[in-house]
Amino acid sequence: MNPYILAALLFGMGLGTTITFASSHWLLAWMGLEMNTLAIIPLMAQYHHPRAVEATTKYFLTQATAAAVLLFASTTNAWLTGQWDIQQMTHPLPITLITLALALKIGLVPTHSWLPEVLQGLDLTTGLILSTWQKLAPFALLLQIQPTNSTVLIALGLASTLVGGWGGLNQTQLRKIIAYSSIAHLGWMILVLQFSPALTLITLLTYLVMTLSTFLVFKFNKSTSINMLAASWAKAPALTTLTPLILLSLGGLPPLTGFMPKWLILQELTKQDLVPTATIAAMSALLSLYFYLRLSYAMTLTMSPNNLTGMTPWRLQHSQLTMPLALATATTLLLLPLTPAVLTLLAH
């Protein structure tokens, strides 16, 4: 893609997200979401492959539907209460509608079906943008309205953690596994949203860093399926040694960074007398942990079928920058000791 066009599209995405961040009026927030969607569409369709075009079309239709429901709900709120301000949402009907519209935007159950299919049709770089940056604007709105309908939020969160775990079990494509992982992590964030919005934000930031490092590893190895991961041992031994730790951090095992948000969320749910909810969420995390362990096993404990000359491929100079990968990996593995500082921030 022409670098000027690429720069314009990335600027449009950044501007759309920033407008949504800064807006207190529903029309401005809607406009930011639309700019964000329209800027990523050409990036998704830049490789004129039928699968990419299909994924782009699916993404456009789902995002347009979500934006239409959001606009309808905000107009209904203005009609019922006379308020266009995002933080002045008082009527339960528009709040529920807007929550469902934003759930469709980010891919929460039951409006999740588009996410694995769309992500599977994209290249790894665009998939990374879709899994990280595109989640920021809808979450900014969710954090601002702080929906008070606890039943809807807990149902969405629990269903997302369960479906995210079950859905990834039988997958062989890495992008679909990451999509189901994303659905499960979003469920954890939604579970605790009404009780501790700051904890939801911390969980989102942790998820962004862990997903960034995972995508960068797959991009470095040029891997899109589990079988391709098995050939990475001969290409990059040091990175292949660290990758299972990144995946286990996504699964939420101590002493890695991913353990912190899950631990704090379970603690918060227990404080709110939601012990059955916390138990189901913890059990659903085991489902996700299974497919992370499956990826780790395929990457480190199996060897791809090779003849003797194919065991050590030519180690040419890699074109990818390694600094972002190194920083993201270090952050994914080593931030657990900062938990007391995070607890201090949550206390304020």
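Every residue gets a Cβ built from N, Cα and C, even glycine.
Feature annotation from TrEMBL assigns domain 'NADH:quinone oxidoreductase/Mrp antiporter transmembrane' to 23-287.
Annotation comment: TrEMBL describes 59-80 (among others) as transmembrane segment.
The transmembrane segment annotation in TrEMBL covers 92-115 (among others). Counting only same-chain residues 6+ beyond the ends of the transmembrane segment (92-115), those with a CB under 8 A from a CB of the stretch are 33, 58-59, 62-63, 65-67, 69-70, 72-74, 76-77, 80, 134-135, 138-139, 141-142, 145, 147-149, 152-153, 156, 159-160, 162-164, 179, 182-183, 186-187, 190.
According to TrEMBL, the transmembrane segment annotation covers 151-170 (among others).
Residues annotated as transmembrane segment in TrEMBL: 177-195 (among others).
Distant neighbours of the transmembrane segment (201-221): 124-125, 127-128, 131-132, 135-136, 139, 143, 174, 178, 181-182, 185, 188-189, 192, 228-229, 232, 235-236, 239, 243, 246-247, 249-250, 257-258, 260-261, 264-265, 318, 320, 322, 324-325, 328-329, 331-332, 335, 342, 345-346; these residues of the same chain sit at least 6 beyond its ends, with a Cβ under 8 Å from one of its Cβ atoms. What TrEMBL records for 201-221 (among others) is transmembrane segment.
Look at TrEMBL and you will find 233-254 (among others) tagged as transmembrane segment.
Annotation source TrEMBL lists transmembrane segment at 274-293 (among others).
The domain 'NADH dehydrogenase subunit 2 C-terminal' annotation in TrEMBL covers 289-342.
The transmembrane segment annotation in TrEMBL covers 325-347 (among others).
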